[in-house]
Amino acid sequence: MLGCEGGGVGLRYRLTLATGLVECLCFAGVVFGWASLVFVLKTDGYFTDLCVNLTTGPNSTVETDCSGQDEQFSLVFTVTSFMNNFLTLPNGFIFDRFVDIELGLCCLSLSLSLIALSMLLFPALSFIAVGGILFLITNIQVGNLFGSHRSTIITLYNGAFDSSSAVFLIIKVMHEGGVSLRSSFLILSVCSVIHLLRTFFLMPNTHIPYPLPEGFTYGVSPGKSNSYNVEESEKTPAETDDMPLQPDDGQQSEDSGKVASFRSCVQSGFFLWHLVWLSVMQLRHYLFIGTLNPMLNRLADNDSALVSQYTNAFAFTQLCGVLCAPWNGLIMDRHKGKPLAPGETDKEADLRSSSLSLFLTSLQCLLFSICASSPLLPLQYLTFILQVLNRSFLYGGNAAFVSIAFPGVHFGKLYGLVMSLSAVVSLLQYPCFALVKGALGGDPFYVNIALTLLTLLAFIHPINIFYHCRKLTNQREDMAGGAAITLAEAKM
């Protein structure tokens, strides 16, 4: 249960949970509030040199064409979103050896300072993305403190990561009220001292192990700190139940006292289909976020006030990510506390529950993509709702599945690898944008249809897990039936 530990230990657990939630909510995923930030950047004149005046019509009407500016902003977001995911791989390797929240703090502080000084927009936003994902990775392990609520906590943090994009909405509103972009980012940079205090007082020196040892404590305290090495603890025979289910044959490794190797995890069908599941949906989201501003301008006939209204609506819906994400965790944790079927392991039960979550996430993305393909402006309110719901399920489900299906000793590396490989796929958003602006004359309809069809690939992953779990169930029933027959024959 939440806070099941007594006294100061339970209080520290709850403080760690609460402060981690604030950290993710206010800093981790701010870069995905890009639609709000790009509105401010356009107002401040970024890349206006790429706008050209065109003379059109019989009356020689002069119109300003800013497609070059939009393309440059799209490139900025493409690079930033790529860095956000791709550098998760080296960060994952670092995480499996150290706790790298200090590195995240340095990246975030540097990036905020660069933007505050109006310098180097590309590297500044990239550092924001890298620092933010480091905060998320290091906070995911907090779920280990709460046992049966583990997946719920993981998805809650991922929801907070999504909702933090609303920080740029606050900056946009403040900018409209007269507060400069530089002042806003300087304030955020000064707030980084909060992360430093939390690192020393409310985070362990290494990792939070799972399952959690009795009386586990951490941080600066008069008593002795028990910061365990998760790699050593997971290699003990007592914890072999935390081994992955091998998707190829439904069996664990031959030596049940050893954790499956990193290589075998990467080569498994679970990992490969999970990569496809994440990549196609992430590409759909990134292209939507990166092209939202020009799309709204096109649908609103360049009405600046109307574009601002829809941009604010989109940013406000992002706040709901922290409310939507725990629903996914509850779906994945719904079997906790219930008796297992004869012969069923905790790992298999976790995996079986995850199949429904993965399927619902795929279905949400399909509906979101269909709505996003519509040229009706009022329908975009529904698109915003489906987008934040699906995004909160996507990343929370991604982290929870990796923690369920594979050994915790490889979590950082596997999480980093799947995010990095999906980042390579996400680079396709820029040629898609260039195609829309060029050959398609600004109409993204055909690209949206193609992406909608591509999202159908995401359904393969949950179906594969469902049939894998059914296969294991049939194997247990056959073994139980065979044992009963043998016993009956022995009695005759």
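The backbone N, Cα and C atoms fix where each Cβ goes, and this holds for glycine too.
Database features (TrEMBL):
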type	residues	note
TRANSMEM	20-41	transmembrane segment
REGION	227-256	region 'Disordered'
TRANSMEM	270-289	transmembrane segment
TRANSMEM	309-330	transmembrane segment
TRANSMEM	356-381	transmembrane segment
TRANSMEM	393-411	transmembrane segment
TRANSMEM	418-439	transmembrane segment
TRANSMEM	445-467	transmembrane segment
Region pair the transmembrane segment (393-411) / the transmembrane segment (270-289), three or more CB pairs under 8 Å: yes
Beyond the flanks of the transmembrane segment (418-439) by 6 or more, those residues with Cβ under 8 Å of it: 67, 70-71, 74-75, 78, 81-89, 92, 133, 271, 274-275, 278-280, 282-283, 286-287, 290-291, 398, 402, 447, 451
Beyond the flanks of the transmembrane segment (309-330) by at least 6 residues, Cβ under 8 Å: 21, 25, 32-33, 35-36, 39, 149, 151-156, 158-163, 165-166, 168-169, 172-173, 292-293, 296, 300, 357, 360-361, 377, 380-381, 384-385, 387-389, 391-393, 396-397, 400
